[in-house]
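Here is what TrEMBL says about this protein:
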type	residues	note
BINDING	A:LYS7, A:PHE8, A:GLY9, A:GLY10, A:ARG185, A:LYS210, A:VAL211	ATP binding site
BINDING	A:THR47, A:GLU74	substrate binding site
DOMAIN	A:280-353	domain 'ACT'
DOMAIN	A:362-434	domain 'ACT'
There are 2 protein chains.
Amino acid sequence: MALIVQKFGGSSVSDAASIKRVAKRIVEARQAGNDVVVAVSAMGDTTDDLLELAADVAPEPAPRELDMLLSSGERISMALLAMAIHAMGYEARSFTGSQAGMITTADHGSARILDVTPVRLREALDDGAVVIVAGFQGFNRDTRDITTLGRGGSDTTAVALAAALGADVCEIYSDVDGIFTCDPRVVPMAKKLNVIGAEEMLELAANGAKVLYIRAVEYARRHNVLIHARSTFTPNEGTYVLGDGMPDPRLAKGEAMSDVIGKEEPVVAGVAIDRSQAKITVVGVPDVPGSAAAIFSRVAALGANIDMIVQNVQSASPGHTDISFTLPKDEAEAVAKQLKADHDELGFDNIYFDDEIGKLSVVGAGMRSHSGVSLTLFEALSSNGINVEMISTSEIRISVVLRDAYLDAAARAVHTAYGLDGDVEATVYAGTGR
Amino acid sequence: MALIVQKFGGSSVSDAASIKRVAKRIVEARQAGNDVVVAVSAMGDTTDDLLELAADVAPEPAPRELDMLLSSGERISMALLAMAIHAMGYEARSFTGSQAGMITTADHGSARILDVTPVRLREALDDGAVVIVAGFQGFNRDTRDITTLGRGGSDTTAVALAAALGADVCEIYSDVDGIFTCDPRVVPMAKKLNVIGAEEMLELAANGAKVLYIRAVEYARRHNVLIHARSTFTPNEGTYVLGDGMPDPRLAKGEAMSDVIGKEEPVVAGVAIDRSQAKITVVGVPDVPGSAAAIFSRVAALGANIDMIVQNVQSASPGHTDISFTLPKDEAEAVAKQLKADHDELGFDNIYFDDEIGKLSVVGAGMRSHSGVSLTLFEALSSNGINVEMISTSEIRISVVLRDAYLDAAARAVHTAYGLDGDVEATVYAGTGR
């Protein structure tokens, strides 16, 4: 008898019908003889509606009160879900973040989990009840106030519960079948991965893959939680995200080693694409110590998160250099404006703003031990006449910046070049994968 | 500097605009130099909407989960209200029932307040903050579960907070100006009362007056809390509900005794009408000991609440008696059905069900010391050709059952007969008074 933590997002509990469907799914896991703990998000657009209400009464809602307001969303979904399970003849109890012992920092709107003390959850499990926990929320011990975890909070809640309760697996349900070698809406021949390393998953998520949130994967990796990303709409297995040295669960299920490992593991696990970034190029910066620092200190002051940086010596005018960097589109304009304003102190010739770029990343733990991985990437791109504008690499990732317009074609070409194409087109569901 | 508790119902906070209006009202009390604690209900129809959702997922929602669900409604309104006050430049903090120390029994859906430990509220007041508390909800110490207080719960929350904090006054806001000598929608010449005794208020509320809930008035009387029932829409003073031996607050305000007492206090404080009841008459019951008990034990078994009972010896057939009693319409049919089913054991001749009755009650503490009060009532009715079907009295009340169709006319006639008519017609607002 296993302990399973399941997480269902807002789109999975958007109305009474879908809540009943999820309840059925939970009861099936219970009937299979498992202890079940569920983390649930607020129904459909509840959170957005509440944010709208808040904006209507106050231009800048007080953070403490905003968390109090938003935390009501999960109370609604979790209570309804518990009722639906009751109605199917099974005991179920819902718990708020504070009742579940989800102790966080006091940073309203973006609180971090400090500790989980699931005393009441254990009691409920011992009583044979299905446990429903409000995702996305916790409380701070010093202020005794309610907090929320910010974007992707419910995934983090689920993983944190799995860690605290020593769950066998943390199932993150969404409207896609699992983690794909690339977004099937862009690369139809993308394959669903049966397993992926947490390290690779982090690189994919950080570079545009949307199925899992980085924070949750990080937490799972740190606390050795096995994540199973799967679909609400099918009983099929999805993708297992394996922490360092974690055994492949399919082996544990007694499947033959050959089924699992089969041929040699591919060097590249997947290809991620990202259209959320813009590029700023500062031309003709005096090539003296501190000139780059002067620029990036201003960027940091605006709280912008820089992704890639490239610096070239200007062949044209010696003693000068060009600096290009990428950052989220919604942060880029303010940064460009600030730099222009400080033109005199920074003493550059010109500044260019470009929001028509796309980033393609190739991720694979195998890169560590294989050479020539990047060659395959550049050949695939050049043979398709696609120009590379920027390059950055990590131990297990190569990222390139291209024209946005060529990004999809590039993804398909690279996906094929690394031998990732499947035999059949992937089924694509509506929705974002969240 | 006084401590004021204010209660605002759902209709007063039904949208962003009305929430801002209420916030302004609260800030005015704060600006006047008072400490302010606010009990607020869920926005508009929130509670009904949540009940509907619950019915959609479960035929009989689990009581614990239903309270968890419903308690989210006040979290939304109180957080928004606190934000709106913030936006006006004043510190405000919202607290759930459990954060406010509202300790109740574990009876989900109809919990009773056992104790109030407002530690956090005192802290917030000491910090100069306006305190907003979720009405209608509390928590049970043993189960550590969230509870709701049932109908009129927010009024009770406000009064309980006023008692626990030793507030100078508990202001219950609604869409009517206060307590009237009769419902102005029925008796246009009804006068707003400046003060009324808690004992009289209880009798009026118990007999159809809708402005205040009985539970809240009872709690206020027991804990010596001064209630001020007033309107959200005007700055005018409403009606003070005075506990036993409580001084008239208008004297405390230094108004001349003559203004306050003026002429001799009227014998009758007000006239209440009630259309919520039905009458059941059991004809030809054997006039032997225990025959009435046999009937009423069956009524009690169905949980029905009997109001008036009249028993007459049958002149026609000696040894038999007729028993009539009134009870809420929604409980009456089941009772009549049960009695018919048990006809053989009860051995009556016939049973009549009548849901076209109305009850008129005259209430006044002065009745204790004045004779002939009932005479005025019966003369007023008879001179208008209105027949009395049942009579019941308490120390300070006379109630009569009439044909529903004559109830309004009767109320006007009786109101005039006791000299309660005002000089001008009362302004009537839309809404029920809640």
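One-based numbering along the chain as shown.
Cβ atoms are placed via backbone N, Cα and C, with glycine included.
This view paints the features noted in TrEMBL onto the structure.
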{"residue": "A:LYS7", "record": "ATP binding site", "contacts (Cβ under 8 Å, 6+ apart)": "A:VAL38, A:ALA39, A:VAL40, A:GLY135, A:SER154, A:ASP155, A:THR157, A:ALA158, A:CYS170, A:GLU171, A:ILE172, A:TYR173"}
{"residue": "A:PHE8", "record": "ATP binding site", "contacts (Cβ under 8 Å, 6+ apart)": "A:VAL22, A:VAL38, A:ALA39, A:VAL40, A:SER41, A:LEU81, A:TYR173, A:THR232"}
{"residue": "A:GLY10", "record": "ATP binding site", "contacts (Cβ under 8 Å, 6+ apart)": "A:SER41, A:ALA42, A:MET43, A:GLY44, A:ASP45, A:THR46, A:THR47, A:SER77"}
{"residue": "A:GLU74", "record": "substrate binding site", "contacts (Cβ under 8 Å, 6+ apart)": "A:VAL40, A:SER41, A:ALA42, A:THR96, A:GLY97, A:ALA134, A:GLY135, A:PHE136, A:GLN137, A:SER154"}
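Between the two most distant C-alpha atoms of the annotated ATP binders (A:LYS7, A:PHE8, A:GLY9, A:GLY10, A:ARG185, A:LYS210, A:VAL211) there are 24 Å.
According to DSSP, the domain 'ACT' (A:362-434) comprises 29 helix, 14 strand, 30 coil.
When other Cβ atoms within 10 Å of the Cβ of A:ARG185 (ATP binding site) are tallied across all protein chains shown, the result is 16. Around the Cβ of A:VAL211 (ATP binding site), a 10 Å sphere holds 24 further Cβ atoms from the protein chains shown.
The local packing around A:GLY9 (ATP binding site), expressed as other Cβ atoms within 10 Å of its Cβ over all shown chains, amounts to 24. Residue counts for the domain 'ACT' (A:280-353) by DSSP state, with H, G and I taken as helix and E and B as strand, are 28 helix, 25 strand, 21 coil. A:LYS7 (ATP binding site) carries a strand DSSP state (E or B). With the fewest other Cβ atoms inside 10 Å of its Cβ, the least crowded of the binding-site residues A:THR47, A:LYS210 in this structure is A:LYS210. Under DSSP, A:GLU74 (substrate binding site) is assigned to a helix (H, G or I) in the three-state scheme.
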